[in-house]
Amino acid sequence: MWKRPVLVSGPLGIVSWTELAFFVMFIALLVWSFATDLRRSFLDIERTGPMDGDKMWEAKLERSGLWLGNVGNIALAFLFFPVTRVSSVLPLFGLTSEASIKYHIWLGHIVMVLFTTHGLVYILYWALTHRISEMVKWQKTEISNVAGEISLLAGLGLWATTFPRVRRKMFELFFYTHYLYILFMLFFVFHVSFYYSCIMLPGFYLFLVDRFLRLLQSRGCARLVSARVLPCDTVELNFSKTPGLEYTPASIMFINVPSLSKLQWHPFTISSNSNLEKDKLSIIIKNEGAWSKKLYQILSSPSPPDRLEISVEGPYGPTPTQFLRYEKLVMVSGGSGVTPFISIIREFIFTSTAFKSMTPKLTLICAFKNSSELTMLDLVLPISGTPSDLSNLQLQIEAYVTREKEATTQSPKQARAVWFKPSLLDEPLYAILGPSGWLWLGAIISVSFVMFLILIGIITRYYIYPIDPNQNEFPITVRAVLNILVMCVCIVIVASTAFVWNKRTNAKEAKQIKHLNGSAGVHSPDSGLYNAERELESLPHQSLVQATNLHFGERPDLKKMLFECKESSVGVLVCGPKKMRHEVAAICSSGLAKNLHFESMSFSW
């Protein structure tokens, strides 16, 4: 019951009872902290009197601004946990960074509202007390007002691009202005001192470890084996990987194509299955933006390149979801939202074939605008790897084409695959920290932090306080820089050591995979093109066609279809437009069908 949606629309999006309970408790924590500190400060002012010649109300106004900033620090302490992709904390709660982005958004709005109010209250206080010159003070051993103002301006610039209308229309602006977090955090530390900023250190420390590991991984070139080009402006990229790299269904991977843009990284949902395809990883890219349009034009051209340089980060995926606990699984998708369900279906193909075990009944309800998008269903079958057997799978696909009233009479374009030549510079994808990544991550965090404590202790004892700590006036900014520098150096040393160790361990396996790909990647030495029609005429494809019902000129009646599910336990997954997610969430949370269990899927394409 606690996982059922209680809010399906509004500024918070789709929110379960559990999420709402924690949100209310967190707001209560902030209100209680602010009220308690403010009450204690007001009592002190009334007992001892205002300082610096202030009036009573002026002193209380200054204290109100101070404690607003303190409450903002509490919210800031949680801000970086949801966006740490290689996280040691989120899996403990069954969460991923992709599924937790909404928590980061909530916290970000709270942080900026509190810090902005904190800054405005102090500006008002200085103006009313004729101390506006305080705005340009950068004191040596006390609070630096200028640093706080710079931090707030960087945060406001970042915050302005996060609102949905701006983010959707100008995503590149949103993406690049988010790097202002570096200035925001740096001058925040200068403003409050490093020691007071330690309230947010745990989350930010994990984020720095994660960010550097991602940087190390992204420096290599991934081995791109082939691309499957579909007539619906969609491509499937197939990468070589080591068998030791495992991931869960609906995982995502970030890719960068330097020939298109050296700075842009885009997330895409993985459509392959690590059990079904031991040596291959696939992602699906829909032609929806300027970057993906350029990529599609390159791959669909009559003379595609022999090699495409690509860097990757990931994969990052959810914790294993026990889909087998349901008697039936209903997957609702709109357009490219079918992508994560492809990997889930492939997982059930593997389970039913390898273990000969019973799997839940599967119903895929997918809505497309045009009939050309129906070719996306062909991606359910892998282009290579273990033979796909659908005979043991209870799969039913209900495909709706909303903008066409009947099947087109034109001869549809055939999907094709482009094969790339191997290069010595390319490497198969592998787990950045090996199969025991969680253990290595724990070692990196603990060892680097202990090293940081030891080094900063030595620096403090023999450099900051060389004679008498009671008379020392070491600049607060220099001390903050030393702490940040030592922290980053410790992370770089320990994380680089762990990365190099695991890379050497995987080198032998990677060489074997590269050798196999080098000998197998010559399917068509003349043009590099492979006629995908051959695979689409196979027996598994015929089974897929038989399992598919086509509906033209109508939209799926989701309420009717879901209420017709009579099984005792029905898992309902939805991935697609916001309106569709809200509709399905409202149906499942209505209480009219106790057997429906809702789960929203995040995806990228």
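Glycine too: its Cβ is placed from the backbone N, Cα and C atoms.
The domain 'FAD-binding FR-type' annotation in TrEMBL covers 217-322. The annotation transmembrane segment is assigned in TrEMBL to 12-35, 65-83, 103-125, 146-166, 178-209, 438-464, 476-501.
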Which of 65-83, 103-125, 178-209, 476-501 contacts the transmembrane segment (146-166) most, counting Cβ pairs under 8 Å: 178-209
The transmembrane segment (476-501) versus listed stretches 12-35, 103-125, 178-209, 438-464: most Cβ pairs under 8 Å: 438-464
For the transmembrane segment (65-83), distant same-chain residues with Cβ under 8 A (at least six beyond the ends): 29-30, 33-34, 37-38, 41, 89-90, 95, 97, 100-101, 103-104, 107-108, 110-111, 114-115, 117-118, 121-122, 125, 188, 192, 196-197, 199-200, 202-204, 206-207
Residues of the domain 'FAD-binding FR-type' (217-322) by DSSP state, where helix covers H, G and I: 13 helix, 40 strand, 53 coil
Distant-in-sequence neighbours of the transmembrane segment (103-125), which means Cβ under 8 A and at least six residues beyond its ends: 12, 23, 30, 58, 61-62, 64-66, 68-69, 71-72, 75-76, 78-79, 82-83, 131, 135, 145, 148-149, 152, 155-156, 159, 162
Averaged pLDDT, computed only over the residues in the domain 'FAD-binding FR-type' (217-322): 85
